[in-house]
Amino acid sequence: MSLERKDDHDHKGWMQERDLTPVETTYLTVLMWLDKRLRVVDYLEILEDLYYKVNMQMPKSHTEQYNLDNKFWYWYPLYALGSFSTIAYVVAAISGALLGFYYSPATTGDPTTAYNSITFIMTELRFGFFLRSLHRWSAQVMVAAVFLHMLRVYFTGAYKEPRELNWIIGIVLISLTMVFGYTGYLLPWDQLAFWAGQIGVEMSLSVPVAGEWVAQLLFGGFSLSQSTLQRMYILHVFFLPFITTAIIAIHIGIVWMQGIAEPH
Amino acid sequence: MTDDEPTASADAETGGRDVEVPMDVYKAVTVFSTLFAVLCVVVGFVVLDAATQRATAAPEDVNVVLAVVGLGAIALGAGVYAFSTRFRAREMGNSKDDAT
């Protein structure tokens, strides 16, 4: 779009033809003078143009083409689940960053430093109970929302061409979400966490050929120790956040470019 | 407005005046008059707030001059907005004209 003004009329002459009062003439002259200098209208038109370009969608939606709205309207609330997951993720990220000020991943002492820091957050820290609950519940909500989002995508056929790639990315994301959940589950280092960790080690060891290597890599050994908790912590607060955030951005970016899928 | 003839520039009976202007002038009128109106009203309320100390001042403590200026700015904003509604672009008759 060009900023050059289209010359579709006589700039000076038209005012004389109209039967304008002096106030109207002055008013219009002032506004035209301002517009010529500030170009606000032109900039707004650029924004309008941008708005339509940015929101470009598939040519004609399936529901429109075959008039399916009467059959599919009850799916539409479930189209909010993706946003719901994202919101839960953001809430968990913020509350998790705040929890990070008070948590320390150390297995020293009895009970351990890690467990003690959880106790401190839950019993002494101001709003600590609230903060940890917020983090835990947003994590639960995210797992549930991501799973239901996947069901919605599956049952409305939204994974079909041209959206296969985003479906695969979604599979990666739901896996990352569960790894997020697992690593976070181990951090309190209580009985629940410890034996969940034990199960994790044994599951890794049961993998053919690569099992021992996987256990070493993820859990820092074949039995639970300081290195296990340390690795879970770094995975939870450093490794996964970067990767997951980046992939979520790509996932949403592709949805943005392709438009919302219509039911098939 | 209640003009019976869309091309008329004035309607003496109802007082509603209708001025047809070129499209880009109409856009300038819409944008700038809205801008002025919003600005006047907001500034008016801010000034009125200052004059009455956020409506907490006792009646004798109210700064009358400032209050009048504030009310005046609000009225001016409304006036500019109302005044600008008389301008319209070609083929932008009101729906009542289209119906008849």
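Any Cβ shown, glycine's included, is placed from N, Cα and C.
Nobody curates TrEMBL annotations by hand; they come from automatic prediction.
Residues annotated as domain 'Cytochrome b/b6 N-terminal region profile' in TrEMBL: A:30-264. Residues annotated as transmembrane segment in TrEMBL: A:78-102, A:137-155, A:167-185, A:205-225, A:237-257.
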Query = Does the chain bring the transmembrane segment (A:78-102) near the transmembrane segment (A:237-257), so that three or more CB pairs sit under 8 Å (pairs 6 or more apart in sequence)?
reply = yes
Over the domain 'Cytochrome b/b6 N-terminal region profile' (A:30-264) the mean pLDDT stands at 91
